[in-house]
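Engineer: Below are the features listed in Swiss-Prot for this protein:
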- 358-378: intramembrane segment (INTRAMEM)
- 433-469: region 'Disordered' (REGION)
- 370-375: motif 'Selectivity filter' (MOTIF)
- 1-183: topological domain 'Cytoplasmic' (TOPO_DOM)
- 245-249: topological domain 'Cytoplasmic' (TOPO_DOM)
- 311-324: topological domain 'Cytoplasmic' (TOPO_DOM)
- 407-494: topological domain 'Cytoplasmic' (TOPO_DOM)
- 184-204: transmembrane segment (TRANSMEM)
- 224-244: transmembrane segment (TRANSMEM)
- 250-270: transmembrane segment (TRANSMEM)
- 290-310: transmembrane segment (TRANSMEM)
- 325-345: transmembrane segment (TRANSMEM)
- 386-406: transmembrane segment (TRANSMEM)
Amino acid sequence: MDGSGERSLPEPGSQSSAASDDIEIVVNVGGVRQVLYGDLLSQYPETRLAELINCLAGGYDTIFSLCDDYDPGKREFYFDRDPDAFKCVIEVYYFGEVHMKKGICPICFKNEMDFWKVDLKFLDDCCKSHLSEKREELEEIARRVQLILDDLGVDAAEGRWRRCQKCVWKFLEKPESSCPARVVAVLSFLLILVSSVVMCMGTIPELQVLDAEGNRVEHPTLENVETACIGWFTLEYLLRLFSSPNKLHFALSFMNIVDVLAILPFYVSLTLTHLGARMMELTNVQQAVQALRIMRIARIFKLARHSSGLQTLTYALKRSFKELGLLLMYLAVGIFVFSALGYTMEQSHPETLFKSIPQSFWWAIITMTTVGYGDIYPKTTLGKLNAAISFLCGVIAIALPIHPIINNFVRYYNKQRVLETAAKHELELMELNSSSGGEGKTGGSRSDLDNLPPEPAGKEAPSCSSRLKLSHSDTFIPLLTEEKHHRTRLQSCK
């Protein structure tokens, strides 16, 4: 102990037995001073703070391998780290677990825990979920950046056919890559609308004509327009298929299955009509053709390829399966109960419209969904009361899952916008680093610190003001592991 009676650290290089569990450890993290005790830190001897207890025995080399600076006069260790995250990390010594405060980036907090050598197993489960979500976002950003770099890069070792495939794939799948690609995307979008309008107009009796057998068929002009649209869709699908990097994954993806369903009925109908005319079975073939024509409505789903809003809505519905399942179950129970009550209460009326409970299902469905066609309605007082209650229950049942579905839609839509912005920002940073050489960034990384020359032997203990080190932090997260390689690729693609 010193003259004031306080417990303190021994001088660096000494082998005093005072470096024990009852000494004080004074740390200054980002300007925030904290006094810790050895008996508290020794609970987890593998952590960085616990290593400070006996670090003075190894001299200044050991001290500066653990901290950024050390003031021998104040016996104070300095760390250029986040003080808010540090306050959360030291909770492990008091409570045996770590909780991450709101407003701290989960990835940055994970890096702080790695710096202080606190295992992630001490992080509470609620905080681990935030960390996992942020990791997934960074992986998605890295994937998007990698895709953009792959589109920009041209490998000289690739053959001409492979380079042609990549150009066609980029031309069809990346409308923002060039002005002609954007024009083709707009043209495809307009043709989808035209084909859908033609399909609807073909059912108008005034626009139909009589064939040789006296049957009403679509006007030849509408058929020609539809044939042209189908030809474009077929060409587009084949080009996508031949230029796709993974043809099996391409063929099994949802949007490409929709493309097949949009064009397949046309060719099947054409084939059946031709074969039916030759086999004198035109009546049966026409029935098959009419059944296949209904599949043409699948082409409207092709709009989802050109609409991020429709894709977001699809994702929101997929994430809301639980809420939608609860809605259907609630409606099913209500339909069964109110249809049975309605049938029972209406049996006293001589002109009842409720002939059976299964027939009453229809009335319960249109009542609970607030449609109310009026083809079946109650005539007794109890039946009308039952109808009013079923109506109110239907309104409540339909309104309950709306809020979670909207939340899922807004959350996913905002997340996609953030990921797109982050990917573009990452590319801008990589381009800036490549133009500046990537080695002269302000505030060096950990690799910059590792390349610093070691302290000369026999040098006097530096003070807090005399020892200057690069200010650094681990808050920068490289999204791609081979950052220098990607910077080089980006520079070569200019």
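From the backbone N, Cα and C atoms, a Cβ is placed for every residue, glycine too.
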Engineer: The transmembrane segment (184-204): which same-chain residues, six or more beyond its ends, come within Cβ distance under 8 Å?
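Structural biologist: Same-chain contacts beyond the flanks: 171-172, 175, 218-219, 222-223, 225-226, 229-230, 232-233, 236, 296-297, 299-300, 302-303, 306.
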Engineer: Report, as numbers and ranges, every residue of the chain located at least six residues beyond the topological domain 'Cytoplasmic' (311-324) whose Cβ falls under 8 Å of a Cβ in that stretch; write 'none' if there are none.
Structural biologist: 304, 400-401, 404-405, 408-409, 412-413, 416
Engineer: Within the same chain, where does the topological domain 'Cytoplasmic' (245-249) have neighbours whose Cβ lies under 8 angstroms from its own Cβ atoms, ignoring anything closer than 6 residues to its ends? I mean 6 or more beyond.
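Structural biologist: 165, 169.
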Engineer: Please list, for the motif 'Selectivity filter' (370-375), how many residues fall into helix, strand and coil according to DSSP.
Structural biologist: 0 helix, 0 strand, 6 coil
Engineer: Over the topological domain 'Cytoplasmic' (1-183), what does the predicted model average in pLDDT?
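Structural biologist: The predicted confidence over the topological domain 'Cytoplasmic' (1-183), as a mean pLDDT, is 80.
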